[in-house]
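Structure first, commentary second.
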(Lines of atoms letter the chains of each structure in order from A and count residues from 1; the text may use other names and numbers.)
(Lines give C-alpha, C1' and ligand atoms only; values in the text may rest on other atoms or scores of the structure.)
Protein backbone atom coordinates (compact mmCIF):
# COMPACT_ATOMS: atom_id res chain seq x y z
CA UNK A 1 0.00 0.00 0.00
CA UNK A 2 0.99 3.62 -0.53
CA UNK A 3 0.28 6.44 1.91
CA UNK A 4 -0.07 9.98 0.59
CA UNK A 5 0.10 12.90 3.02
CA UNK A 6 -0.57 16.46 1.91
CA UNK A 7 1.75 18.39 4.21
CA UNK A 8 0.93 21.81 2.79
CA UNK A 9 -1.71 22.92 0.29
CA UNK A 10 -1.03 26.65 0.02
CA UNK A 11 0.40 28.66 -2.83
CA UNK A 12 2.19 32.01 -2.73
CA UNK A 13 2.56 32.58 0.99
CA UNK A 14 1.72 30.60 4.15
CA UNK A 15 -1.50 31.25 6.06
CA UNK A 16 -2.43 30.41 9.67
CA UNK A 17 -4.23 27.23 8.58
CA UNK A 18 -2.31 26.49 5.40
CA UNK A 19 1.38 25.72 4.92
CA UNK A 20 3.04 25.88 1.51
CA UNK A 21 3.34 23.13 -1.08
CA UNK A 22 4.62 19.74 0.07
CA UNK A 23 3.41 16.18 -0.47
CA UNK A 24 4.84 13.10 1.25
CA UNK A 25 4.54 9.64 -0.30
CA UNK A 26 5.30 6.64 1.92
CA UNK A 27 5.94 3.25 0.33
CA UNK A 28 7.36 0.27 2.21
CA UNK A 29 8.58 2.57 4.95
CA UNK A 30 10.60 4.74 2.55
CA UNK A 31 9.51 8.24 1.64
CA UNK A 32 9.40 10.54 -1.38
CA UNK A 33 8.83 14.25 -0.76
CA UNK A 34 7.45 16.38 -3.59
CA UNK A 35 8.23 20.07 -3.01
CA UNK A 36 9.30 21.58 0.28
CA UNK A 37 7.55 24.86 0.94
CA UNK A 38 7.58 26.81 4.19
CA UNK A 39 6.06 24.81 7.04
CA UNK A 40 6.99 21.37 5.70
CA UNK A 41 8.96 20.42 8.82
CA UNK A 42 6.24 21.66 11.15
CA UNK A 43 3.58 19.67 9.32
CA UNK A 44 5.78 16.57 9.40
CA UNK A 45 6.29 17.01 13.12
CA UNK A 46 2.56 17.37 13.71
CA UNK A 47 1.95 14.23 11.64
CA UNK A 48 4.76 12.33 13.38
CA UNK A 49 6.15 11.08 10.06
CA UNK A 50 9.81 11.07 11.04
CA UNK A 51 12.57 12.52 8.87
CA UNK A 52 15.25 9.86 8.55
CA UNK A 53 13.54 7.74 5.88
CA UNK A 54 13.19 10.43 3.19
CA UNK A 55 15.14 9.02 0.24
CA UNK A 56 14.03 11.22 -2.65
CA UNK A 57 13.06 14.91 -2.79
CA UNK A 58 11.38 16.04 -6.01
CA UNK A 59 11.16 19.79 -6.64
CA UNK A 60 8.70 20.97 -9.28
CA UNK A 61 10.23 24.41 -9.77
CA UNK A 62 12.38 27.02 -8.10
CA UNK A 63 9.82 29.39 -6.62
CA UNK A 64 9.98 30.09 -2.90
CA UNK A 65 6.63 28.54 -2.04
CA UNK A 66 7.93 25.19 -3.30
CA UNK A 67 11.52 25.11 -2.05
CA UNK A 68 12.19 27.60 0.76
CA UNK A 69 11.79 24.90 3.43
CA UNK A 70 14.52 22.72 1.94
CA UNK A 71 17.69 23.84 3.79
CA UNK A 72 16.09 23.49 7.20
CA UNK A 73 14.69 20.09 6.32
CA UNK A 74 18.07 18.84 5.10
CA UNK A 75 19.57 19.84 8.44
CA UNK A 76 16.83 18.11 10.39
CA UNK A 77 17.27 14.94 8.33
CA UNK A 78 20.97 15.05 9.25
CA UNK A 79 20.12 15.48 12.92
CA UNK A 80 17.83 12.44 12.70
CA UNK A 81 20.87 10.21 12.25
CA UNK A 82 20.66 9.58 8.54
CA UNK A 83 23.92 8.74 6.78
CA UNK A 84 22.62 7.24 3.52
CA UNK A 85 22.62 9.51 0.44
CA UNK A 86 19.55 11.50 -0.55
CA UNK A 87 18.56 12.19 -4.15
CA UNK A 88 17.14 15.58 -5.12
CA UNK A 89 15.42 15.85 -8.49
CA UNK A 90 14.42 19.14 -10.08
CA UNK A 91 14.27 21.35 -13.18
CA UNK A 92 17.03 23.37 -14.76
CA UNK A 93 18.82 25.36 -12.04
CA UNK A 94 18.16 22.94 -9.18
CA UNK A 95 21.84 22.13 -8.65
CA UNK A 96 22.89 25.76 -8.26
CA UNK A 97 19.87 26.49 -6.07
CA UNK A 98 20.56 23.61 -3.68
CA UNK A 99 24.22 24.61 -3.42
CA UNK A 100 23.25 28.18 -2.51
CA UNK A 101 20.59 27.11 -0.02
CA UNK A 102 23.15 24.94 1.72
CA UNK A 103 24.95 28.04 2.96
CA UNK A 104 22.88 27.52 6.12
CA UNK A 105 23.28 23.72 6.02
CA UNK A 106 26.83 23.43 4.76
CA UNK A 107 27.73 20.24 6.63
CA UNK A 108 25.53 17.18 6.44
CA UNK A 109 26.31 13.58 7.49
CA UNK A 110 25.07 12.25 4.16
CA UNK A 111 25.69 12.88 0.47
CA UNK A 112 23.23 14.65 -1.81
CA UNK A 113 22.88 13.34 -5.35
CA UNK A 114 21.25 15.85 -7.68
CA UNK A 115 19.43 14.96 -10.89
CA UNK A 116 18.83 18.15 -12.86
CA UNK A 117 16.26 18.45 -15.63
CA UNK A 118 15.74 14.70 -16.21
CA UNK A 119 14.17 13.65 -19.50
CA UNK A 120 13.43 9.94 -19.32
CA UNK A 121 11.68 7.53 -17.00
CA UNK A 122 14.13 6.22 -14.46
CA UNK A 123 14.43 4.07 -11.36
CA UNK A 124 16.53 5.06 -8.38
CA UNK A 125 18.75 2.65 -6.49
CA UNK A 126 20.46 3.80 -3.32
CA UNK A 127 22.64 1.14 -1.76
CA UNK A 128 20.28 -1.56 -0.53
CA UNK A 129 17.28 0.74 -0.81
CA UNK A 130 15.09 0.06 -3.82
CA UNK A 131 11.80 1.89 -3.77
CA UNK A 132 10.74 -0.16 -6.82
CA UNK A 133 9.23 2.93 -8.39
CA UNK A 134 9.54 4.32 -11.89
CA UNK A 135 9.67 8.13 -12.00
CA UNK A 136 8.63 10.07 -15.10
CA UNK A 137 8.74 13.83 -15.62
CA UNK A 138 6.99 16.32 -17.89
CA UNK A 139 7.91 19.89 -18.77
CA UNK A 140 5.09 22.23 -17.79
CA UNK A 141 4.07 25.76 -18.75
CA UNK A 142 4.90 28.15 -15.93
CA UNK A 143 6.82 31.39 -15.45
CA UNK A 144 9.98 29.45 -14.55
CA UNK A 145 11.18 25.97 -15.58
CA UNK A 146 8.71 23.56 -13.99
CA UNK A 147 8.21 19.81 -14.17
CA UNK A 148 5.41 17.45 -13.24
CA UNK A 149 6.03 14.02 -11.75
CA UNK A 150 4.50 10.61 -12.28
CA UNK A 151 5.33 7.76 -9.91
CA UNK A 152 4.56 4.19 -10.89
CA UNK A 153 4.87 1.83 -7.94
CA UNK A 154 5.43 -1.67 -9.22
CA UNK A 155 3.91 -4.71 -7.62
CA UNK A 156 5.70 -7.99 -7.17
CA UNK A 157 4.28 -10.76 -9.36
CA UNK A 158 2.66 -13.70 -7.63
CA UNK A 159 4.92 -16.53 -6.62
CA UNK A 160 4.25 -19.69 -8.65
CA UNK A 161 5.17 -22.75 -6.57
CA UNK A 162 4.39 -25.18 -9.38
CA UNK A 163 6.62 -23.24 -11.78
CA UNK A 164 9.45 -23.05 -9.25
CA UNK A 165 9.32 -26.79 -8.64
CA UNK A 166 9.10 -27.57 -12.35
CA UNK A 167 12.23 -25.47 -12.94
CA UNK A 168 13.95 -27.20 -9.99
CA UNK A 169 14.75 -23.95 -8.24
CA UNK A 170 16.19 -24.55 -4.74
CA UNK A 171 13.79 -23.38 -2.05
CA UNK A 172 16.48 -21.26 -0.41
CA UNK A 173 16.35 -18.99 -3.49
CA UNK A 174 12.58 -18.62 -3.78
CA UNK A 175 12.22 -15.50 -1.65
CA UNK A 176 15.17 -13.69 -3.23
CA UNK A 177 13.97 -14.38 -6.76
CA UNK A 178 10.40 -13.34 -6.01
CA UNK A 179 11.70 -10.02 -4.72
CA UNK A 180 13.12 -9.25 -8.16
CA UNK A 181 16.69 -10.39 -7.68
CA UNK A 182 17.01 -11.15 -11.38
CA UNK A 183 19.88 -13.62 -11.56
CA UNK A 184 21.39 -15.92 -8.93
CA UNK A 185 24.14 -18.46 -9.53
CA UNK A 186 24.22 -21.41 -7.13
CA UNK A 187 26.45 -24.46 -7.51
CA UNK A 188 27.22 -23.46 -11.08
CA UNK A 189 23.56 -23.17 -12.13
CA UNK A 190 21.83 -19.92 -13.12
CA UNK A 191 18.39 -19.16 -11.71
CA UNK A 192 16.25 -16.20 -12.84
CA UNK A 193 13.19 -14.61 -11.26
CA UNK A 194 10.94 -15.57 -14.17
CA UNK A 195 11.52 -19.20 -13.15
CA UNK A 196 9.45 -18.71 -9.97
CA UNK A 197 6.95 -15.93 -10.74
CA UNK A 198 3.75 -15.57 -12.72
CA UNK A 199 2.50 -12.70 -14.85
CA UNK A 200 3.13 -9.09 -13.88
CA UNK A 201 0.44 -7.41 -11.79
CA UNK A 202 -0.80 -3.86 -12.16
CA UNK A 203 0.94 -1.32 -9.95
CA UNK A 204 -0.22 2.08 -8.69
CA UNK A 205 0.25 5.32 -10.62
CA UNK A 206 0.37 8.68 -8.81
CA UNK A 207 0.73 11.91 -10.80
CA UNK A 208 1.50 15.36 -9.42
CA UNK A 209 1.04 18.49 -11.55
CA UNK A 210 1.35 21.99 -10.14
CA UNK A 211 2.01 25.55 -11.28
CA UNK A 212 1.16 25.33 -14.95
CA UNK A 213 -1.40 26.02 -17.60
CA UNK A 214 -3.38 22.91 -18.67
CA UNK A 215 -1.24 21.94 -21.67
CA UNK A 216 -2.30 18.95 -23.80
CA UNK A 217 0.75 16.85 -22.91
CA UNK A 218 -0.53 16.57 -19.35
CA UNK A 219 -3.46 14.41 -20.46
CA UNK A 220 -1.28 11.61 -21.80
CA UNK A 221 1.17 11.98 -18.91
CA UNK A 222 -1.48 11.44 -16.22
CA UNK A 223 -3.48 8.89 -18.21
CA UNK A 224 -5.06 6.18 -16.04
CA UNK A 225 -3.55 7.54 -12.83
CA UNK A 226 -4.94 5.97 -9.69
CA UNK A 227 -4.42 9.34 -7.98
CA UNK A 228 -3.97 12.74 -9.61
CA UNK A 229 -2.78 15.62 -7.42
CA UNK A 230 -3.20 18.93 -9.22
CA UNK A 231 -2.97 22.61 -8.50
CA UNK A 232 -6.14 24.64 -8.15
CA UNK A 233 -4.83 28.14 -7.56
CA UNK A 234 -8.16 29.71 -8.51
CA UNK A 235 -11.53 28.30 -7.49
CA UNK A 236 -13.83 30.66 -9.34
CA UNK A 237 -14.38 30.46 -13.09
CA UNK A 238 -14.27 34.25 -13.34
CA UNK A 239 -10.60 34.12 -12.32
CA UNK A 240 -9.62 32.40 -15.56
CA UNK A 241 -7.92 35.57 -16.92
CA UNK A 242 -5.75 35.66 -13.77
CA UNK A 243 -4.92 31.98 -14.20
CA UNK A 244 -3.85 32.58 -17.79
CA UNK A 245 -1.78 35.63 -16.88
CA UNK A 246 -0.02 33.94 -13.95
CA UNK A 247 0.24 30.51 -15.62
CA UNK A 248 -1.87 28.62 -13.13
CA UNK A 249 -5.19 26.76 -13.29
CA UNK A 250 -8.76 27.06 -12.09
CA UNK A 251 -10.60 24.20 -10.40
CA UNK A 252 -12.57 23.60 -13.59
CA UNK A 253 -9.43 23.36 -15.72
CA UNK A 254 -7.84 20.85 -13.34
CA UNK A 255 -11.04 18.78 -13.38
CA UNK A 256 -11.05 18.82 -17.18
CA UNK A 257 -7.55 17.34 -17.19
CA UNK A 258 -8.69 14.65 -14.75
CA UNK A 259 -11.64 13.75 -16.96
CA UNK A 260 -9.64 13.61 -20.18
CA UNK A 261 -6.81 11.73 -18.46
CA UNK A 262 -9.21 9.04 -17.21
CA UNK A 263 -7.86 9.25 -13.66
CA UNK A 264 -9.60 7.60 -10.72
CA UNK A 265 -9.45 10.51 -8.27
CA UNK A 266 -8.41 14.16 -8.32
CA UNK A 267 -6.97 15.90 -5.27
CA UNK A 268 -6.85 19.69 -5.59
CA UNK A 269 -4.12 21.67 -3.84
CA UNK A 270 -1.98 24.85 -4.10
CA UNK A 271 -4.79 27.25 -3.23
CA UNK A 272 -4.21 30.97 -3.72
CA UNK A 273 -4.18 33.26 -0.69
CA UNK A 274 -7.37 35.00 -1.83
CA UNK A 275 -9.26 31.72 -1.44
CA UNK A 276 -10.10 31.30 2.24
CA UNK A 277 -12.52 28.39 1.83
CA UNK A 278 -11.67 26.25 -1.22
CA UNK A 279 -14.63 23.95 -0.46
CA UNK A 280 -16.97 26.73 -1.57
CA UNK A 281 -15.84 26.19 -5.16
CA UNK A 282 -15.82 22.39 -5.23
CA UNK A 283 -18.88 22.32 -7.47
CA UNK A 284 -16.92 24.06 -10.23
CA UNK A 285 -14.73 20.97 -10.40
CA UNK A 286 -17.44 18.40 -9.69
CA UNK A 287 -19.50 19.61 -12.64
CA UNK A 288 -16.69 18.29 -14.83
CA UNK A 289 -15.19 15.47 -12.73
CA UNK A 290 -17.23 14.23 -9.80
CA UNK A 291 -14.41 12.37 -8.06
CA UNK A 292 -12.70 15.56 -6.94
CA UNK A 293 -11.40 16.10 -3.40
CA UNK A 294 -10.44 19.44 -1.87
CA UNK A 295 -7.12 19.06 -0.11
CA UNK A 296 -6.20 20.51 3.26
CA UNK A 297 -3.06 20.44 5.37
CA UNK A 298 -2.33 16.91 6.59
CA UNK A 299 -5.02 15.32 4.45
CA UNK A 300 -4.08 11.65 4.23
CA UNK A 301 -5.16 8.79 2.00
CA UNK A 302 -4.01 5.22 1.42
CA UNK A 303 -3.88 3.52 -1.97
CA UNK A 304 -4.03 -0.27 -2.03
CA UNK A 305 -2.98 -2.63 -4.78
CA UNK A 306 -5.87 -4.44 -6.44
CA UNK A 307 -6.37 -7.97 -5.20
CA UNK A 308 -5.67 -10.36 -8.06
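If you go along the chain as it appears here, the first residue is 1 and each next one adds 1.
Each residue, glycine too, has its Cβ placed from N, Cα and C.
The secondary structure of residue 65 (active site, proton acceptor), as reduced to three states from DSSP, is helical. Residues or ranges marked as active site, proton acceptor by Swiss-Prot on the basis of sequence analysis: 65.
The feature Zn(2+) 1 binding site is assigned by Swiss-Prot to 61, 63, 142, 211. The number of other CB atoms found within 10 A of the CB of residue 63 (Zn(2+) 1 binding site), across every protein chain shown, is 20.
Annotated Zn(2+) 2 binding site per Swiss-Prot: 65, 66, 211, 270, in sequence order. Less than 8 angstroms from the CB of residue 211 (Zn(2+) 1 binding site) sit 11, 60, 61, 63, 66, 140, 142, 146, 231, 233, 247, 248, 270, each of them six or more residues away in the same chain. DSSP assigns residue 211 (Zn(2+) 1 binding site) to coil, not to a helix or a strand.
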Around the Cβ of residue 66 (Zn(2+) 2 binding site), the count of other Cβ atoms that are within 10 Å: 27
Three-class DSSP secondary structure - residue 142 (Zn(2+) 1 binding site): coil
Cβ atoms near residue 61 (Zn(2+) 1 binding site) (within 10 Å, other residues, all chains): 24
Zn(2+) 2 site shell beyond 65, 66, 211, 270, criterion: Cβ within 8 Å of Cβ centroid: 11, 12, 20, 21, 35, 37, 60, 61, 63, 210, 231
Chain-internal residues near residue 65 (active site, proton acceptor), provided their CB is under 8 angstroms and they sit 6+ positions away: 10, 11, 12, 13, 20, 21, 37, 38
